[in-house]
Amino acid sequence: METSLKRAAAPAGAVAERTVLRNGGAVRDALAVEEPLEIRVDGERLATTMRTPGADGDLALGFLFAEGIIAGVEDVGTVIHCGRPGEEGYGNVMDVRSAAGMRIDPERVLEGRRFIPVSAACGVCGRLSIDHLMERLRPLPAGEPVPTALVAAGMETLARSQPVFERTGGLHAAVLVGRDGAPVASAEDVGRHNAVDKVVGAALRAGRVGPRAAAASAPALLAVSGRAGFEIVQKAAAAGVPVVASVSAPSSLAVDLARAAGVTLCGFVRGERMNVYANGERLGLTGP
């Protein structure tokens, strides 16, 4: 099984330095950059997220795809930063333009959605959120089995795909891995959900995700740092990724969604040792 052993390089603009006190003295410390990114569709503002600069176009594409606003890259003509280099705020606004003969219509897609705050004390709201998502996400088919060795290889690739974290200790990471263990895309960000949007967007551009993607080239695994929450499983299900693995625990709502969406959910992955919270049969296991 092929794995990526080469460490990734940090993207430009992802690290800043500040003077801090350490052991009674002043030193320069590397920090992860956090800045707002406004996502527009055909010039109209849709959303703003706090992110680490880098792969902004992929972030925008992945976000729109996960929300069902675009069906694939065929809907998109251009993805560009607004403004001019040197202007205040340049690089923090991304405009996604419809392809010729197409019209991306967020209002039509989002109309009638139940935007219900979900919290640990709101089990009913959580259930409604899952039911609503499953109205537009079909459960993933069982498909080909995925060996636990692939999960272990994916987590190894994840560990080697965090150059900014190595310098700052302040970022999350995500990586998509194919069935052969080779990385499809990797990204870091201050927001775990942003990192996932970035790798999904990159896979969309590469033709590895989306309605026209060949099953043989589609990613088999999404590996993430930290915990696997509801949003992470949602994005994996939307992208058709059958296995999600994290170094930490999932949330209860993430487990519920994974079981409904046919996503295999693994947590506390240490080599080939892990907890499997949903659809373990895909890994050749019996249980949840």
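Cβ coordinates are placed from backbone N, Cα and C, and glycine is handled just like the others.
Under the heading active site, cysteine persulfide intermediate, Swiss-Prot lists CYS122. According to Swiss-Prot, the feature Mo-bis(molybdopterin guanine dinucleotide) binding site maps to PHE268, VAL269, ARG270, GLY271, GLU272, ARG273.
Here the features listed in Swiss-Prot are placed on the structure.
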residue	record	Cβ contacts under 8 Å, 6 or more apart
PHE268	Mo-bis(molybdopterin guanine dinucleotide) binding site	SER246, VAL247, SER248, ALA249, MET274, ASN275
VAL269	Mo-bis(molybdopterin guanine dinucleotide) binding site	VAL151, ALA152, MET155, ALA223, ALA245, SER246, VAL247
ARG270	Mo-bis(molybdopterin guanine dinucleotide) binding site	none
GLY271	Mo-bis(molybdopterin guanine dinucleotide) binding site	ALA152, MET155
GLU272	Mo-bis(molybdopterin guanine dinucleotide) binding site	THR148, ALA149, VAL151, ALA152
ARG273	Mo-bis(molybdopterin guanine dinucleotide) binding site	none
